[in-house]
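What Swiss-Prot says about this protein:
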TOPO_DOM  1-7  topological domain 'Extracellular'
TRANSMEM  8-28  transmembrane segment
TOPO_DOM  29-40  topological domain 'Cytoplasmic'
TRANSMEM  41-61  transmembrane segment
TOPO_DOM  62-88  topological domain 'Extracellular'
TRANSMEM  89-109  transmembrane segment
TOPO_DOM  110-129  topological domain 'Cytoplasmic'
TRANSMEM  130-150  transmembrane segment
TOPO_DOM  151-183  topological domain 'Extracellular'
CARBOHYD  152  N-linked glycosylation site
CARBOHYD  167  N-linked glycosylation site
TRANSMEM  184-204  transmembrane segment
TOPO_DOM  205-234  topological domain 'Cytoplasmic'
TRANSMEM  235-255  transmembrane segment
TOPO_DOM  256-264  topological domain 'Extracellular'
TRANSMEM  265-285  transmembrane segment
TOPO_DOM  286-307  topological domain 'Cytoplasmic'
């Protein structure tokens, strides 16, 4: 890839990451301020605050890793740094996957019109479980990330004696990263992904049936209730697309199919971090509280700029 084109994609990645950092930081500041003021948060706000905080940290780690290793791509000393990045990367991505899954479950139990006794029981109990589910997700993700790091520690430690063992250690590390990590990630992340897909599919189906009934009961497409359901469906479908895109891109990224020396590395990084950067804006513009504060800040900034 030509240097100018590579610089363009690096700049695009930086802008996308900075926008995501700003959006996630905004969510954390607004909801964190409310938490400090009132001493409590609604279950939805708990999940949004936690998701925003971990995504904020994830994007900082991602930017730091990409630019550090692009500057030290020929230095072997970066391998140890790479493994510590992987520890954080696995942990943060696992946590955000779980938080997105709990967010979809909360939407499902609050909105879906399902009369099954088990669902009604879950609808009543789930909001009270949210703090413990968030804490449990963090602990489980941390333990799994440590186990993945520990299992492969001996292989990575051999980097220190690579000059005495030829290319065998390098080949072992490459085989481990290409075959073991993607399989482990697929198994681990498939659990929250399954929870997400089941809950989001139930909710989309419930909203779709309800919207269809309203349209066939003489409700116009311009009816406020119909429009609200249509907006909710669009929000959920975009949430589903971004979640699946993030899941697939991270699994593929774990294969190291596109290395840093590859011409398509920076366009691929844009795809990997696209969901983390775009989804916060979707959350902001579909949450009345966050949307209200956002427009207030925008008006203040506009007034300050004009003055």
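Glycine is treated like the rest: Cβ placed from N, Cα and C.
Secondary structure counts, DSSP: the topological domain 'Extracellular' (1-7) has 5 helix, 0 strand, 2 coil. Taking Cβ pairs closer than 8 Å, the transmembrane segment (235-255) reaches residues 93, 97, 100, 104, 107, 177-178, 181-182, 185-186, 189, 193, 196-197, 200, 203-204, 207, 268, 271-272, 274-276, 278-279, 282, 286 in its own chain, all 6 or more past its ends. Long-range neighbours of the topological domain 'Cytoplasmic' (110-129) within the same chain, counting only residues 6 or more positions beyond its ends whose Cβ lies under 8 Å from a Cβ of the stretch, are 43-44, 202-203, 206-207, 210, 232. In the topological domain 'Cytoplasmic' (110-129), the DSSP tally of helix, strand and coil residues is 15 helix, 0 strand, 5 coil. Within its own chain, the topological domain 'Cytoplasmic' (286-307) has Cβ neighbours under 8 Å at 26-27, 30-31, 34, 45, 48, 231, 235, counting only residues six or more beyond its boundaries. Summarised by DSSP class, the composition of the topological domain 'Cytoplasmic' (286-307) is 19 helix, 0 strand, 3 coil. Residues 48-49, 52, 289-290, 293 of the same chain lie 6+ residues outside the topological domain 'Cytoplasmic' (29-40) yet bring a C-beta within less than 8 angstroms of a C-beta in it. If you look at the topological domain 'Extracellular' (1-7), the same-chain residues 6 or more away from its ends with a CB under 8 A from one of its CBs are 263-264, 266. Per DSSP, the topological domain 'Cytoplasmic' (29-40) is made up of 10 helix, 0 strand, 2 coil.
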